[in-house]
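Positions annotated as N-linked glycosylation site by Swiss-Prot: ASN101, ASN123, ASN142, ASN429, ASN611. Under the heading repeat 'Sel1-like 3', Swiss-Prot lists 187-222. The annotation repeat 'Sel1-like 4' is assigned in Swiss-Prot to 413-445. For 552-595, the entry in Swiss-Prot reads repeat 'Sel1-like 5'. Annotation source Swiss-Prot lists repeat 'Sel1-like 7' at 628-663. Swiss-Prot lists 768-788 with the feature transmembrane segment, giving sequence analysis as the kind of evidence.
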Amino acid sequence: MITLLLYLCVICNAIVLIRADSIADPWPEARHLLNTIAKSRDPMKEAAMEPNADEFVGFYVPMDYSPRNEEKNYQSIWQNEITDSQRHIYELLVQSSEQFNNSEATYTLSQIHLWSQYNFPHNMTLAHKYLEKFNDLTHFTNHSAIFDLAVMYATGGCASGNDQTVIPQDSAKALLYYQRAAQLGNLKAKQVLAYKYYSGFNVPRNFHKSLVLYRDIAEQLRKSYSRDEWDIVFPYWESYNVRISDFESGLLGKGLNSVPSSTVRKRTTRPDIGSPFIAQVNGVQMTLQIEPMGRFAFNGNDGNINGDEDDEDASERRIIRIYYAALNDYKGTYSQSRNCERAKNLLELTYKEFQPHVDNLDPLQVFYYVRCLQLLGHMYFTGEGSSKPNIHMAEEILTTSLEISRRAQGPIGRACIDLGLINQYITNNISQAISYYMKAMKTQANNGIVEFQLSKLATSFPEEKIGDPFNLMETAYLNGFIPAIYEFAVMIESGMNSKSSVENTAYLFKTFVDKNEAIMAPKLRTAFAALINDRSEVALWAYSQLAEQGYETAQVSAAYLMYQLPYEFEDPPRTTDQRKTLAISYYTRAFKQGNIDAGVVAGDIYFQMQNYSKAMALYQGAALKYSIQAIWNLGYMHEHGLGVNRDFHLAKRYYDQVSEHDHRFYLASKLSVLKLHLKSWLTWITREKVNYWKPSSPLNPNEDTQHSKTSWYKQLTKILQRMRHKEDSDKAAEDSHKHRTVVQNGANHRGDDQEEASEILGFQMEDLVTMGCILGIFLLSILMSTLAARRGWNVRFNGAQLNANGNRQQEQQQQQQAQGPPGWDFNVQIFAI
């Protein structure tokens, strides 16, 4: 009997194996179908190919987040937007992964859910599931997958979840995965570890380990460049190292930011011809309004440039618009990729059309024509826009531009730099190269490359007495030239400067690594494209990766996507506690890297959470770096006794510092000090029983629900919010502040929310009401004194007799006073409180 059962089992297993063999792995079919569709949409490249691309590209930054709503959106996309072919491909991938344990199909599924590839919806939970399975199948040998998994555990799947996170946040596990990925050669994982040791985040601070890791990455990056790229023409890449909050007046608002804007690649517009600079170039006074940049069409029959202007000033403005149109195509913008071929064609036609008539051009036209020639010569020299460089044409056009510049005092910087490189590396004329470099050293076109080349020449030809190579390289580094950062770091480490420290050397290598955006941070572009494509969760995932790598701009962008401060009378963002905590962490990390505004925002979030001790610590740190908003906030907290004992004298000192650091806030500062005097006087009169201005104070900072006393203006805010929600439907209320609009390359818009003057000046609602009352009293006093003087009343102003029309009028007023009824005597007193 037992033998019979064994035979039956063997037969059944054989049947199963035969059936399994008869069903082939569908991965080849799925891969073939995936190759027939686009992996992702590139809106920047699409804009570059359009003849009339829109220069105002907007995207939405969500304010609210709910895991339940995300799941609803995911299901809705699958039901309404996914096509039958997509469903078929997905089923093939799932079948290959589940039934055949195909590692390639499993990895493809993880990337589909992580990056919304092939137009599938984002799902962090499924991405985590397939990444875990892929690593199990490959025995943790794929460094890219291990790095993705490490970021998931470091961020808790970007802190998703409701009561419990979908992916647990485990810093220790993330650290182990980072170390494993780094051992397998993942440069990004090494960068994460180097940043952790440099900043002391989740690990003990160790500059020696940080230096070793950053130096190792820097050496590999240096080897990735060819000799021509490193020494002659360093590659130009489109940088997306930008904070998305800077498209919306920064983190704190217009006039309050301490950190310069990171948006350096917006569309260039021609300047106002009425500006002093243009008037000086042209030699006459002119007035002309800035107009949007137009496009130029190429006429293939006669090779002419067709503009879209036909007024009397078109000929003069035409060359200006041609230059800026070509410059935008050459450099690219955040919403439009580079189109060097179109820029080169436009400049070649400009050269063909204007060169025969260059003697008839006015100074303004000559100025911009020279810039066109220099850009065209530079493109011939680098080979951009064509298959290979044309050194002969580059030298000819650049020399022509210098000859025209000598006659019309035009710009010479770009031409001198390129001609210096040609003489140094092509014709080997060192003396002529040095001459060109010296002419270009003080020009705006010098980004540090001049000092970089002179430093190398000073080392190779000391007899030329160019200067100290170390000092020249340091100047090139300070100007931001990327190869100079590495060369200067090597000089420092070799002991050329005995005053340098390990921390300083690690910082230099860190700066070089972070600057190599094209290799170390290509996901910056992916994140920005995801925002334009309305995939904010994909953008958040990309920015979170880069934030872990130590990019300050990515830390701010990731935090901004997770939590934004609400406006006055606006509901706070509805999100999870995990996201809010992670946002604070990223803001704090950015603050430690020099972003003062991020520290203020982190303090504001703690302030809203009524954790006043942490808010005070962040404000104090930002105030030490001269943040106007942080100093103001410290005065406010001392005024109301939030996190510290109430101290009007110290609050006054902080308010005075605001006007000392920035005179634009003089009025706001003085009115706040006046309010302090009034409150101090009332407190003394009532023996500290006045609490009209006291904001809410928590009974227990750890409790979510608090029943503390709330100031009247906060109660009014809540009443207005309840009235709005009562009038709106549930859906309308949910969508009422679902998104905040950001417009790229144009004016800043926030939907229907307008930036109030009170926000710019830093006032609270209670401050405005109090100051209004005080101003009302003063205005009433002045009005009464004026009317009394005109009507002949007997008026004393602070004890002084008011006499506007001489002694005779005074005698008449005294007679009228003697005959008039009682009550016509006024004694106006203004007290200095």
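Each residue's number is its place along the chain shown, starting with 1.
Every residue, even glycine, has its Cβ placed from backbone N, Cα and C.
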| field | Long-range neighbours of the repeat 'Sel1-like 7' (628-663), counting only residues six or more past its ends (CB under 8 A) | value | 252, 256, 258, 596-597, 599-600, 603-604, 607, 612-613, 615-616, 618-622, 669-670, 672-673, 676, 679-680, 693-695, 697, 762, 764
| Tell me, how many other CB atoms lie within 10 A of the CB of ASN123 (N-linked glycosylation site), whichever protein chain they belong to? | 21
| field | Using Cα positions only, nearest of the glycosylation sites to ASN101 (N-linked glycosylation site) (ASN123, ASN142, ASN611) | value | ASN142
| query | Relative to the Cβ position of ASN429 (N-linked glycosylation site), how many further Cβ atoms are located within 10 Å? | reply | 14
| query | Which residue, of the glycosylation sites ASN101, ASN142, ASN611, has its CB surrounded by the fewest other CB atoms within 10 A? | reply | ASN101
| request: Find the average pLDDT over the repeat 'Sel1-like 5' (552-595) in the predicted model and report it. | output: 90
| field | DSSP three-state assignment (helix, strand or coil) for ASN101 (N-linked glycosylation site) | value | coil
| task | Could you measure between ASN611 (N-linked glycosylation site) and ASN123 (N-linked glycosylation site) for me? Cα positions, answer in whole angstrom. | result | 34
| Integer Å distance between the CA atoms belonging to ASN123 (N-linked glycosylation site) and ASN429 (N-linked glycosylation site) | 60
| task | Measuring Cα to Cα, tell me the gap between ASN142 (N-linked glycosylation site) and ASN123 (N-linked glycosylation site) in whole angstrom. | result | 22
| Three-state composition of the repeat 'Sel1-like 5' (552-595), taking helix and strand from DSSP | 27 helix, 0 strand, 17 coil
